[in-house]
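What Swiss-Prot says about this protein:
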SIGNAL    1-4  signal peptide
DISULFID  Cys20-Cys103  disulfide bond
ACT_SITE  Ser153  active site, nucleophile
ACT_SITE  Asp181  active site, charge relay system
DISULFID  Cys192-Cys197  disulfide bond
DISULFID  Cys235-Cys240  disulfide bond
ACT_SITE  His242  active site, charge relay system
DISULFID  Cys257-Cys284  disulfide bond
DISULFID  Cys258-Cys309  disulfide bond
DISULFID  Cys277-Cys282  disulfide bond
Amino acid sequence: ADDLTTLRNGTLDRGITPDCTFNEKDIELHVYSRDKRNGIILKKEILKNYDLFQKSQISHQIAILIHGFLSTGNNENFDAMAKALIEIDNFLVISVDWKKGACNAFASTNDVLGYSQAVGNTRHVGKYVADFTKLLVEQYKVPMSNIRLIGHSLGAHTSGFAGKEVQRLKLGKYKEIIGLDPAGPSFLTNKCPNRLCETDAEYVQAIHTSAILGVYYNVGSVDFYVNYGKSQPGCSEPSCSHTKAVKYLTECIKRECCLIGTPWKSYFSTPKPISQCKRDTCVCVGLNAQSYPAKGSFYVPVEKDAPYCHNEGIKL
């Protein structure tokens, strides 16, 4: 999983400066469907030259997953999410593997320079995702309303850059972007052009789980602050809380129960009790969040163990 905790020390274990430079040819696409549950690896160029997607696949909703710093496209948490998306909603899942640009080869170092390179690479990956989207729309006739992006950490901001680029290409907007604890370091003071922003898709959902490694301001149509968005139950390290955002969404996709967000005006205010929640005031985290009318900031209480719900018997 992603590990921004390496930034805390700011030193190198091996006394070297990592080279996290990469180009488009280094990016792989891990494609999952009910026919290929374990995934196959493709390159964008192959998709351009051959009709590899069947019409039956393309007609489904498509989720494009984008990992973050030090991670890979087939990390165990994304793999679990892909399987849930396939099993529950028959999605076509495409995980963008930009591990070289995310410094995955230097996972044992405590390096600020490597992270800075990875931050710079997010724009290039965002453009790649937008160009890939253009291919889906123009060659495979996929409507933009069928495509959502799900990005964790740096991948959340990468999703935002892709969202900006598809609009520049006049393709329209993605149906949704879900930002899973969008990365904080190097983004804390950034304005919309330089981070994930609510205008990057028709609907932007952000799930905040770590005040140390994630941003602590609103970036979406709805911003869920799980356990006040600071640290998560059962986690002693910031990286654990940072990764919990992925696990929470996966459980929400399974729909065993609903993580309920209750209106929360600011950090200094008291969240509205879940017992007072109604469908027009509160929101369930997950793929159906758009179906609820409320927008803004929401506090989400959780339990320590999966499926994490702490709903006091309330159903929306």
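Quick reminder: no glycine exception, Cβ is built from N, Cα and C everywhere.
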**OP:** Just give me the nearest neighbour of Cys240 (disulfide bond) among the recorded positions Ser153, Cys258, Cys277, Cys282, Cα to Cα.
**Re:** Ser153
Original post:
Got a sec? Which of these disulfide-bonded residues, Cys235, Cys282, has the most Cβ atoms within 10 Å?
Top reply: Cys282
Original post:
Compared by Cα position, which of the recorded positions Ser153, Cys235, His242, Cys309 is the closest one to Cys282 (disulfide bond)?
Top reply: Cys309
Subject >> Long-range Cβ environment of Cys284 (disulfide bond), under 8 Å and at least 6 residues apart >> reply: Cys252, Cys258, Leu259, Ile260, Gly261, Tyr292, Leu316
Original post:
Tell me, which recorded positions from Cys197, Cys235, His242 are within 10 Å of Asp181 (active site, charge relay system) if we use the C-alpha atoms?
Top reply: His242
Original post:
What Cα-Cα separation, expressed in whole Å, is found between Cys197 (disulfide bond) and Cys103 (disulfide bond)?
Top reply: 25
Original post:
Counting all other Cβ atoms within 10 Å across every protein chain shown, which of the disulfide-bonded residues Cys197, Cys240, Cys257 scores highest?
Top reply: Cys197
Original post:
Counting distance between Cα atoms, which of the disulfide-bonded residues Cys20, Cys103, Cys192, Cys277, Cys309 is nearest Ser153 (active site, nucleophile)?
Top reply: Cys103
